[in-house]
Amino acid sequence: GKNEYDLLIIGGGSGGLACAKEAAQFGRKVAVLDYVEPSPQGTKWGLGGTCVNVGCIPKKLMHQAALLGSALKDAQHYGWNIAQPVHHTWSVMAQAVQNYVKSLNWGHRVQLQDKKVKYFNMKGSFSDPHTIRGLTKAGKETILTAENIVIATGGRPKYPTHIAGAVEYGITSDDLFWLKESPGKTLTPFVFNVSLECAGFLTGIGLDTTVMMRSIPLRGFDQQMASLVTEHMESYGTKFLKRCFPTKVEKLESNRLQVTWKNTDLGTEETDSFDTVMWAVGRAPDTETLNLETVGVKTNSETGKIIVDASEATSVPHIYAVGDITEGRPELTPTAIAAGKLLAQRLFGQSLELMDYDNVPTTVFTPLEYGCVGLSEEAAVQCYGSDNIEVYHAYYKPLEFTVAERDATQCYMKMVCLREREQRILGLHFIGPNAGEVTQGFALGIKCGATYPQLMKTIGIHPTCAEEITKLHITKRSGLDATVTGC
């Protein structure tokens with residue numbers, strides 16, 4: 001028999017929604033299944049996926065709350081009379097952020113309706129290669145068939161289940177943004193960018209916050225930049241327990257959580273009590289209930305992620321996957337959106353254009369933001385050899401920091417270039433205010449193959465932090481002091 005839908009998408013996050021809406025533009029019959037399994041602590045949310053509900057959007061808004069706290073301190077230096085001490089109320093911020101997120105959930109539902117995409121609030125799993133079994137919260141079953149199926153279920157935070165008390169008493173980023181009351185004194189063990197970002201804004205709004213890291217921070221990012229980010233966070237007030245790992249979490253009579261950990265440097269066992277323990281041990285692909293093995297969709301046995309080719313196709317010809325669930329792709333909202341749109345265009349719009357995953361810019365929203373695009377210095381050395389790359393760098397002081405007498409020790413930028421005649425730019429790394437805005441602009445040039453001489457011909461906008469990139473002239477190789485002085 002004829003399939004009911006031209007395209008069926010499992011997962012209503014960034015990639016799935018973008019693919020659905022794009023396919024609908026071509027007049028195709030499209031359906032989206034989306035279902036949020038509550039976190040172990042019972043947190044659930046609406047349509048829109050990780051980014052909207054428990055990722056980029058609430059994170060950036062809470063980061064903004066912390067930046068405003070810093071601005072209040074600066075304001076006094078600029079002549080504003082602000083009564084001290086200032087106090088932050090978590091519940092007011094949380095309510096405002098959560099209300100905005102709910103408005104986005106509603107907006108996504110309206111958009112799907114407007115574009116005539118059928119939305120099912122159901123958990124989907126494969127019955128056969130063209131058939132999906134949808135199950136509602138109440139257990140009602142619906143059978144859907146489709147010519148093409150896209151898996152876009154993304155990932156969920158992992159719990160360190162080997163640590164006693166971790167699941168019972170800990171939360172993850174899935175819960176933090178939906179807390180109605182302040183998390184209080186917080187410990188976040190293991191260091192992924194989301195844990196640093198959360199620790200940063202928790203410190204910024206005045207909470208006692210500790211990061212526990214067993215090894216390196218921001219794995220996969222340039223390590224010199226990662227060190228500067230964590231150095232700044234320490235001076236900002238975030239505590240770090242380095243080369244430590246937790247062994248158990250216990251609940252005290254006071255309802256506080258007592259955490260025991262090992263300090264590998266000293267070989268000692270230590271304890272302290274916290275109000276909240278937020279795990280940040282990475283994310284696992286949400287594939288468990290999809291029944292992939294039944295239809296022959298191949299996954300990476302180590303990561304659990306779905307193996308796809310350059311066209312986002314899985315091992316089954318008409319089944320595709322986009323976003324965080326796919327092996328070897330960046331776990332970023334904009335790449336999922338772009339990949340989803342391009343996939344719909346190839347399926348229904350005679351396009352042949354593939355998603356290009358090179359030179360994807362990103363930013364870590366720590367108190368001092370870190371933006372980057374292209375290769376890290378380590379990756380460039382690995383690819384081309386240290387003799388064949390040139391690194392231009394500078395320590396600079398944002399003008400805004402001067403009157404406020406803010407420490408700018410960690411405000412730093414570097415550009416990694418090939419040394420050969422053309423000096424093509426391989427990577428740009430920037431730590432400072434508005435790093436995302438700065439990096440986004442330069443990302444276009446780097447995507448277009450910009451060279452160092454072209455950068456030198458680019459006139460800077462004075463007086464901005466981004467301008468300092470256009471003036472980079474000191475190389476690491478020279479050994480000269482890279483501190484920018486004067487105007």
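All residue numbers here begin at 1 and follow the chain in the order shown.
For all residues, glycine too, the Cβ spot is worked out from N, Cα and C.
Some features that TrEMBL has for this protein:
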ACT_SITE  His462  active site, proton acceptor
BINDING   Lys60, Gly124, Asp324  FAD binding site
BINDING   Gly282  NAD(+) binding site
DISULFID  Cys51-Cys56  disulfide bond
DOMAIN    5-340  domain 'FAD/NAD(P)-binding'
DOMAIN    360-471  domain 'Pyridine nucleotide-disulphide oxidoreductase dimerisation'
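Here the features listed in TrEMBL are placed on the structure.
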residue: Cys51; record: disulfide bond; Cβ neighbours (10 Å): 23
residue: Cys56; record: disulfide bond; Cβ neighbours (10 Å): 18
residue: Lys60; record: FAD binding site; Cβ neighbours (10 Å): 15
residue: Gly124; record: FAD binding site; Cβ neighbours (10 Å): 26
residue: Gly282; record: NAD(+) binding site; Cβ neighbours (10 Å): 16
residue: Asp324; record: FAD binding site; Cβ neighbours (10 Å): 29
residue: His462; record: active site, proton acceptor; Cβ neighbours (10 Å): 8
From recorded positions Cys51, Cys56, Gly282, His462, the one whose Cα lies nearest Gly124 (FAD binding site):
Cys51
Cα distance, Lys60 (FAD binding site) to His462 (active site, proton acceptor), nearest Å?
27
If you measure every Cα to Cα pair among Lys60, Gly124, Asp324, the residues listed for FAD, what is the largest value in Å?
31
Cα separation, Asp324 (FAD binding site) to Cys51 (disulfide bond) (Å, whole number):
11
